[in-house]
Every structure is written in C-alpha cells, then in structure tokens.
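Chemist: According to Swiss-Prot, the record shows the following:
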type	residues	note
TRANSIT	1-29	transit peptide
MOD_RES	70	phosphothreonine
REGION	96-128	region 'Disordered'
MOD_RES	105	phosphoserine
COMPBIAS	107-116	compositional bias 'Polar residues'
MOD_RES	107	phosphoserine
COMPBIAS	117-128	compositional bias 'Basic and acidic residues'
MOD_RES	151	phosphoserine
MOD_RES	169	phosphoserine
REGION	175-210	region 'Disordered'
COMPBIAS	187-200	compositional bias 'Basic and acidic residues'
REGION	225-260	region 'Disordered'
COMPBIAS	274-284	compositional bias 'Basic and acidic residues'
REGION	274-340	region 'Disordered'
COMPBIAS	309-340	compositional bias 'Basic and acidic residues'
REGION	344-357	region 'PKA-RII subunit binding domain'
MOD_RES	429	phosphoserine
MOD_RES	445	phosphoserine
MOD_RES	447	phosphothreonine
COMPBIAS	513-526	compositional bias 'Polar residues'
REGION	513-544	region 'Disordered'
MOD_RES	533	phosphothreonine
MOD_RES	573	phosphoserine
MOD_RES	590	phosphothreonine
MOD_RES	592	phosphoserine
DOMAIN	607-671	domain 'KH'
DOMAIN	758-817	domain 'Tudor'
C-alpha cells in the first residue's frame with residue numbers, strides 16, 4: 001500500500017496544482033471586465049474634474065509606486081471642478097444606452113454585436129442613481145483618486161473594433177462640429193493623452209476639457225454602472241491581477257482612435273451636472289490609501305496561498321502517515337496469523353503425540369493383561385504334578401525372600417518376554433503348560449551380557465524331581481558336563497568346575513513365565529545352588545540328525561560354546577523377528593514354549609535345529625519389511641526363526657530354525673515356496689565329542705606371503721631381531737577389534753571354566769592381556785612344579801609365563817578368525833660377536849625405528865624353526881631405509897648373509 005501511494009503521489013501533486021492554477025486563472029479572468037470598467041469610471045471622473053485652464057502637463061508625482069501617477073489637478077476642490085464641468089452641453093439620454101456596448105467590445109477585445117440597440121427612455125434617473133451608488137458607496141466599492149488603478153494598460157485597442165463602434169454608434173451619422181470655446185485636440189495630443197490615461201489612470205494636461213473626452217468618460221461611467229449592477233462590487237484581488245496584466249502588456253497598447261470625435265453641444269447639461277455633482281461628492285469624502293490596502297491584500301492573499309499550500313502538504317503527509325499505519329497494521333496482522341498457525345500446529349502435534357502414546361499404552365496394557373491372564377489360567381490348569389515340584393525348590397534352591405509363586409512373576413512380564421500371544425499356538429495343540437521356576441534365585445540380578453548364542457544342539461527335558469538327588473550322588477565327571485549354547489559353568493568354593501545344566505527338567509520353563517530379563521551372568525549362583533546341580537538324564541532318544549542325546553555327557557564343557565554367539569540377529573528386522581534371542585537363555589524359553597505347546601510328555605519331545613545358508617541378496621526378502629515376513633513364518637509355523645550373520649563372512653547369512661519336527665517342516669515348506677532357488681539343506685552340525693580343544697594347525701595363522709612386499713606394523717618386539725607383526729591392510733584385520741570387545745564382555749564375568757588339567761601344550765585359550773583385556777593365546781610350555789605355563793599371544797605377539805588358573809577355555813567361535821600376529825626374524829642380522837643376544841641399545845634403536853609407523857616387509861627365507869626371515873624397510877618422506885642395514889651401520893649388529901641358515 002505504501003509503495004503504491006509513493007508512486008502515485010508525485011504524479012497526483014502536479015495534477016492538483018495544475019487544476020488549482022487553471023481555476024484561479026479563469027476566476028481572475030471573469031472579474032477582468034468589472035475591474036476594467038470600474039477603472040474607466042474613475043478615469044472619467046478625473047477628466048470631469050480636470051482644470052480647463054491648464055494647457056500644459058504638470059509634473060507627475062508617484063503617489064502609488066508601480067501603479068499610476070496622479071497630477072496635482074486631481075486634488076483640486078470640488079468647486080473648481082464644478083465650474084469647469086458646467087459649461088459642457090447636454091447629451092440625449094439615448095447615448096447612455098447605445099454607447100456602452102461599444103466600449104465593452106473595445107475593452108474585451110471582441111467585436112461588438114452589430115444589431116441596433118433599443119433605446120430605453122426613462123432610465124436616466126435610474127442610471128444616475130446607480131452611478132451615485134457606485135461612486136459614493138462604501139470603501140470596499142469606491143476607488144480612491146489618490147491612487148487610481150491602471151486598468152487600461154492591459155487592454156488592446158484595435159482599429160477594427162473602433163471602427164465598428166463608430167459605425168454602430170448613433171453619433172457616427174452626425175457631422176463633427178467643433179463646439180465654440182472647446183478647441184479640438186489634435187490626434188497626436190489625444191493619442192498621447194490616452195496613453196497617459198492608460199498608464200496613469202488620470203489625465204494631467206489641460207486637454208481634459210474637451211467634449212469628446214467628457215463624452216467618452218460618461219459612456220465609461222454608464223458601462224461601469226451596469227457592471228456594478230451585475231457584479232455587486234468587484235474584488236480587490238481581481239483588480240490587482242488585472243493591474244499586473246496591464247503592466248506586462250503596456251507595450252502593446254494602440255493609440256487612441258482619432259475617428260471618435262463627438263459633438264459636445266449635443267451632451268445634455270443635466271446629465272453632466274448630475275455626474276459632476278456625484279463625482280464631487282465622492283471626491284470630498286476622504287479615501288484611504290490604496291497602496292497600503294493593496295499591499296495588505298497581497299500579503300493576505302500570499303499568506304492564504306501559503307497556508308493553503310501548507311495545508312495541502314500537511315494533508316499529503318497525513319495521508320502518507322495513514323498509509324504507513326495501514327501497512328504496519330497489515331504486517332502486524334500477518335505476524336499474528338503466522339503465530340496463530342504455529343500455535344495450531346503445536347497444539348495438533350501435541351494432541352497427536354498424546355493420542356499415539358495413549359494408544360500405545362493401551363495396547364501394551366491389553367497385551368500384558370492377556371499374557372498375565374493366560375499365564376494364570378495355565379498355572380491353574382497345572383495339577384498336582386506342579387505342586388510336587390514347588391516344595392522341593394522352595395526348600396533346596398529358593399531363599400525365604402524369593403519363595404513367590406510364578407504367577408506373580410508372570411503378571412509383571414514384559415510383552416517381549418518370549419511368551420506367545422493368544423492365538424499363536426499351532427492348530428489342534430492343547431493350551432501350553434506353565435511350570436514353577438527352579439532357577440528364580442539364579443535370575444535375581446540384572447543382565448550384563450546381552451550377547452546371545454545362536455546355534456544350539458537338541459535338548460530333551462527332564463522332570464524337576466531330578467533335583468532332589470543329593471549332591472554326593474553326582475557322578476565324578478560332573479565337573480566337565482557338557483553345556484548347551486546358553487549354559488554357563490559355575491564355580492564352587494573349592495574352585496572346582498561344577499557346570500550348571502539348566503536345560504533338563506521343568507526348570508527351563510521358568511524363562512517362559514518369568515518377567516525378569518535373561519542373561520548369561522544371571523545364572524551365576526551361590527555354592528548352595530551348585531551343590532544341587534542335577535546330572536544329565538541317561539536317554540537314548542535320537543536327534544533328527546542321528547546324534548544320540550546320551551552322547552552329550554561325553555562332550556566337554558567348551559563344546560557348548562557356539563560359533564554364532566556374537567552374531568547380529570537383527571538382519572535388518574525389528575525386535576519382533578528376534579523374539580527372545582537377546583540373551584544367553586533364549587533357547588530354553590523356546591524349548592519350554594514348544595514343549596508346552598506340544599502337550600506331550602517332556603521326556604519324549606525332540607527339539608530340532610535347522611540352519612540354512614541364505615545369500616546376502618535374499619536376506620532382505622526373507623526378513624521382510626520391518627521383519628514382517630519372519631514374524632509371519634514364526635506365527636504360522638510355530639517355530640523359532642531368526643537370521644544370524646556369520647563372523648567374518650559377508651556373502652551369506654544363516655537362517656536358524658528351532659522347534660519340533662512339525663514346526664520345522666512347516667517353516668521350511670513356507671520358505672521353499674517363496675524362495676525356490678534357495679538351498680534348504682541343513683548345515684548345522686553338533687559339536688564334536690572331544691574333551692579338550694585340540695591344538696590348531698599352522699594354517700590358522702595369518703602368515704606373510706613369500707616374495708611379496710606387504711605393509712605391516714610391529715606389535716611386539718622380543719629383541720632387535722625377533723618381532724611380531726600384523727598385516728593391518730588384510731581384510732580380516734578389522735574383525736580383530738570386534739573380537740576383542742566380545743572376549744572382554746564374555747571373560748570379564750565370573751563363572752567361565754578354566755583349562756582342564758593337566759594343560760595340553762599348543763592348546764588355544766583365553767588369557768589376560770594388557771589393560772584388563774582378554775586375548776587369544778597358545779600354550780607353548782608347561783611347568784607342573786609351579787603350576788605355571790608359558791603362553792604366546794597369537795594376535796598381539798609376545799611370550800608370557802602365567803598361572804594356569806588365570807587361563808580360561810575359549811569358545812569355538814572365538815578361534816574362527818585367523819591369528820593376526822605373525823612371528824618373524826630379521827634376515828642377515830645377528831648380535832655382535834661377543835654377545836649371544838642383542839644389546840639393550842640395539843633393542844631401543846629397533847623400537848625407535850619401528851614404533852608407531854607402517855613398515856614394508858618381504859619374506860626372503862625361513863629359519864630352521866620355520867619362522868620367516870624378512871627384510872624390513874621404513875619410509876621416511878621420499879626415502880626408504882632398510883632397517884636391517886641401519887642396525888649394522890649404527891654398530892648395534894653385524895651383517896651375516898647366512899646367519900640363520902648356518903644354525
């Protein structure tokens with residue numbers, strides 16, 4: 001709005017000023033005729049009062065500057081004027097009505113109407129009265145003689161108009177006669193007299209006594225009377241404007257018309273006397289100075305004009321301010337609208353968030369209520385068989401503060417506690433059975449290790465009554481009982497390994513009804529709990545892959561550790577696809593659920609484990625968007641299904657299926673229909689029945705290639721010529737850090753089994769490393785007298801002598817990564833001749849040249865012990881330095897071409 005006003009204002013202002021000037025011009029022009037006639041009347045009065053005796057022009061006195069010059073004869077007393085005017089003859093009254101139109105045509109510069117003017121007798125008295133009113137009126141209508149106005153200046157007299165007037169006048173047919181006693185004024189004098197009258201407004205010479213002058217002025221007086229009757233008095237402003245115009249056009253005034261010579265004797269004496277009498281009376285009255293009045297009027301008019309212009313400017317400014325105020329108001333309204341929109345958006349967002357949160361809470365509450373109701377119903381359906389198990393657990397396992405019914409725990413179970421939702425069990429199967437927890441005291445602490453185990457072997461369930469077996473009746477080999485993928489060995493006070501087998505019996509069903517979080521570390525218990533550990537049931541029920549359950553007792557405790565423990569189970573799916581695999585005890589929950597779902601004797605239920613390889617490009621389709629397809633498979637088949645990633649393998653992933661034979665077959669059938677190109681062969685294999693981990697062959701080491709220069713870093717230095725290096729550019733190197741983290745999480749918890757005694761040489765184990773870390777190590781020597789062993793760190797290098805008790809058994813999945821530390825010897829370098837070992841100075845120099853930098857190594861040959869001999873270079877800027885030669889040049893070693901070969 002303000003911008004439009006600013007653009008229109010400069011255009012509108014000149015237009016307004018032009019319009020005002022046009023109006024002012026025409027208003028002044030309209031008053032031109034009346035002001036001119038008034039001046040003519042004044043000039044006629046001066047001629048009537050002129051002294052006939054004065055023949056020569058008198059000096060002009062500037063009474064009114066810039067306007068007119070007044071002769072001294074104008075100020076003569078009226079008596080003298082009467083004596084001069086009384087001699088004039090009278091003129092017929094018809095002259096007063098016929099001659100003024102001619103003079104009006106001359107003053108206006110327009111040709112008069114040539115039609116004859118009708119004589120109107122009887123108007124002489126009225127005309128004289130009007131003349132008297134015009135001459136003797138108030139000061140506003142009278143023209144002072146001291147400063148007469150020069151109206152004739154601005155009038156152009158044309159000869160044509162004069163001739164027309166002469167022809168139309170009734171006196172044009174009268175022969176011109178010279179009145180006795182009145183000499184005829186020559187044309188030159190008359191023209192000069194008229195010029196003086198036109199510029200000064202009064203005649204200052206003696207020629208004023210001429211009859212034609214008196215006639216002319218009388219006619220002008222008649223015309224002035226008529227104009228006064230119409231205009232009711234001219235304004236001073238118009239007179240002043242005409243005066244200015246007269247001054248500017250004075251050079252264009254034509255001389256007096258010589259042809260107008262009238263007979264003085266025809267003038268009526270009565271008219272002249274009455275006119276002279278009235279003029280004398282008007283002269284007798286004192287007139288105020290016109291100069292002061294005009295100056296005041298001009299000042300007032302200027303002030304009025306200035307005030308008008310100021311008022312207009314103020315009005316324009318006010319309009320501008322109003323426009324600006326309107327713009328500000330519109331901006332404020334826009335801002336208020338934006339603020340309101342933001343408030344509405346915020347309120348809508350809050351309402352939507354509140355509705356979503358309330359709906360989520362309602363769904364969760366409904367789910368928890370259904371699960372709790374189902375658990376309570378299942379617990380009520382359980383008969384005396386369950387009650388016979390409860391007292392035993394409360395007396396032998398559970399403490400007084402933990403003897404709460406399982407239903408109370410189930411009531412607070414979270415939705416993801418592994419319990420099936422209503423409608424999930426397979427068709428035709430009875431309601432699942434719920435059992436009282438035997439391991440409640442073992443799960444009293446929160447979880448610390450959330451790394452789940454994926455692979456597991458088949459497990460059959462045994463009755464909880466087996467827990468009543470006294471601890472002294474346990475077999476001698478109970479210390480090395482096999483554990484499943486979710487079992488952890490517990491340590492007794494005598495540091496004897498007593499594994500806790502949690503899978504047999506109804507005790508495993510506690511994980512399906514308990515609301516507590518599952519964890520590997522939660523199975524750690526007191527010696528009292530370990531004393532009642534039951535033995536494995538002797539059963540010969542075969543697995544689906546032909547392995548007998550009875551063979552489990554011959555397996556070592558280490559074999560229960562699967563290679564998929566640290567794998568990522570999500571595979572891009574949501575937590576629903578994972579169900580209960582977020583802890584070490586997830587297997588037992590599924591087993592108990594499937595056993596209860598089958599509705600058969602737990603002793604006769606087999607758990608089938610089926611694993612298939614899934615190419616990487618099919619993993620996303622198998623999981624589905626947000627895990628929907630995996631969830632569909634689990635709900636439809638009733639089996640436990642999840643996707644795991646094999647460590648250090650990116651091309652394929654493993655689909656793990658657990659459940660009964662019926663559930664597994666149904667899941668495989670659904671998968672085979674969707675993925676016809678997928679190989680459904682079971683790749684799962686149970687652990688080998690070995691008591692101890694065999695020593696790994698040298699192929700498990702990541703060795704340096706022969707004859708090829710590779711980039712290495714030195715991770716450990718035995719001496720100046722004996723080093724351990726890592727190939728930090730190898731594809732498997734990045735997995736070492738992840739392996740270190742997983743080993744730290746696993747072995748920092750208590751209850752991990754130690755190495756069996758006697759310790760076998762070359763066995764791989766987990767040993768404490770630097771800064772509390774756990775590293776992979778190999779036993780290279782044993783000292784039975786001190787119960788110590790010497791180990792070699794297979795990833796970070798170095799030798800160390802430690803107690804056997806500090807070593808721990810290593811899980812099989814922790815040894816799948818090739819050993820990253822390569823043991824090497826410097827080629828062609830040997831200690832000085834007097835020493836069998838390198839000096840400390842040589843060791844320090846070697847450490848300085850190889851520390852915290854990447855080096856280039858190349859295998860040249862092998863030592864008699866099988867260690868590779870290498871040439872080692874360091875790159876300093878653009879210079880490559882051979883470290884082998886540098887040691888010799890510094891005098892810290894000697895160069896021998898075949899030192900290790902001669903040994």
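Positions of Cβ are set from backbone N, Cα and C atoms, glycine also.
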Chemist: Quick one: DSSP breakdown of the compositional bias 'Basic and acidic residues' (309-340) into helix, strand and coil?
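Modeler: Helix, strand, coil within the compositional bias 'Basic and acidic residues' (309-340): 32 helix, 0 strand, 0 coil.
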Chemist: What residues elsewhere in the chain lie close to the region 'PKA-RII subunit binding domain' (344-357), defined as a C-beta under 8 angstroms and at least 6 residues from its ends?
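Modeler: None.
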Chemist: The domain 'KH' (607-671): mean pLDDT?
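Modeler: A mean pLDDT of 88 is what the predicted model shows over the domain 'KH' (607-671).
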Chemist: By DSSP, how many residues in the region 'PKA-RII subunit binding domain' (344-357) are helix, how many strand, and how many coil?
Modeler: 14 helix, 0 strand, 0 coil
Chemist: What counts of helix, strand and coil residues does DSSP assign across the domain 'KH' (607-671)?
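Modeler: Output for the domain 'KH' (607-671) reads 32 helix, 21 strand, 12 coil.
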